[in-house]
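Colleague: Please find one structure pasted underneath; my questions will follow.
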């Protein structure tokens, strides 16, 4: 019988102003090139040199969509409608980013690939009931679109057919606006439209508290250099920020603005999600990347918009439960510019 399962391939989105290379392995952004103040394109995402390297799992979620549930689930356990579920503890003592073989390790089907002025590509994956311990059959799609000059949009959807489940997809690209091979991001400055953060325990799981950021190293309500406060938060930032004060545009709220002083590149991020994990690549240590790059600690930063971590076990967090007849939806807008 013929093997009809999809194979990992690469695809390009190019509108003449920016260029994105993707693979259907984990819906991964392999490279994304945008102009700096000199007008030259630079690749601003951390990545690996071959699809084989991604398949071997050599990257800590570089560029991929993680799921079925992004971030940590405490002790890998949750109860839904009175039934207890146990998940693989792939980041002991917790379950992280969907388990041992999450959506980032799956080869998605390519549903559509459009060229032209607003090129796009749509990936689809069907996750079986019981996969990695999660209940419910679910079909997810992810569409990347270059909506204008230097703007990338990502629309993620999920539908369950047979029983309730939990879903929280996140895009895990590591950004370095000076160029992927330019060193660390400590000189980048960031603004995050969050008056609150969800503090974590010693295993990086939220305690359930929603804490004001005022007078803490988590206050990025006005733009601040990452390197000036990072030493006050242990290994670095790896925290969920509550997006509660950004302006809205087309149903999305302003989540973050990142600026690199050397290239003058700016990234403005908009999202429909209630939170964003700000992560400063604290565990990246000598990863062999593309073009001979060696990525060290803080070589990039992630802005993973998401439902709150461990939301299923925290009744005061926004729900991540999706029931039959409902649709999970999550959109992100990445606007690049030079300022």
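Using N, Cα and C of the backbone, Cβ positions are placed for all residues, glycine too.
Pulled these features from TrEMBL for this protein:
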- 172: active site, proton donor (ACT_SITE)
- 304: active site, proton acceptor (ACT_SITE)
- 71, 72, 172, 173, 174, 238: beta-D-galactose binding site (BINDING)
Colleague: Where among the recorded positions 72, 172 do you find the Cβ with the fewest other Cβ atoms within 10 Å?
Modeller: 72
Colleague: Let me make sure I understand the structure: which of the recorded positions listed (238, 304) has the fewest other Cβ atoms within 10 A of its Cβ?
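Modeller: Ranked by other Cβ atoms within 10 Å, the recorded positions 238, 304 bottom out at 238.
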Colleague: With the beta-D-galactose site defined by the record as 71, 72, 172, 173, 174, 238, how many Å span the farthest pair of C-alpha atoms?
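Modeller: Between the most distant Cα atoms of the beta-D-galactose site, 18 Å.
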Colleague: Using a 10 Å cut-off, grab the number of neighbouring Cβ atoms around the Cβ of residue 173 (beta-D-galactose binding site), all chains included.
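Modeller: The Cβ of residue 173 (beta-D-galactose binding site) has 26 Cβ neighbours within 10 Å.
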Colleague: For residue 238 (beta-D-galactose binding site) and the residue listed as 'active site, proton acceptor', what Cα-Cα distance in Å is obtained after rounding to a whole number?
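Modeller: Here the two Cα atoms are 10 Å apart.
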Colleague: If you draw a 10 Å sphere on the Cβ of residue 71 (beta-D-galactose binding site), how many other Cβ atoms land inside?
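Modeller: I get 27 for this one.
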Colleague: Cα of residue 174 (beta-D-galactose binding site) to Cα of residue 304 (active site, proton acceptor): how many Å, rounded?
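Modeller: On Cα coordinates alone, these residues lie 9 Å apart.
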Colleague: Can you figure out which of 71, 72, 304 (the recorded positions) comes closest in space to residue 172 (active site, proton donor), comparing Cα atoms?
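Modeller: Checked the recorded positions 71, 72, 304; minimum Cα distance to residue 172 (active site, proton donor) goes to 304.
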Colleague: Tell me the Cα distance separating the residue listed as 'active site, proton acceptor' from residue 71 (beta-D-galactose binding site), rounded to the nearest angstrom.
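Modeller: Each residue's Cα considered, residue 71 (beta-D-galactose binding site) and the residue listed as 'active site, proton acceptor' end up 9 Å apart.
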Colleague: At a 10 Å cut-off from the C-beta of residue 174 (beta-D-galactose binding site), count the other C-beta atoms across all protein chains.
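Modeller: Result for residue 174 (beta-D-galactose binding site): 28 neighbouring Cβ atoms inside 10 Å.
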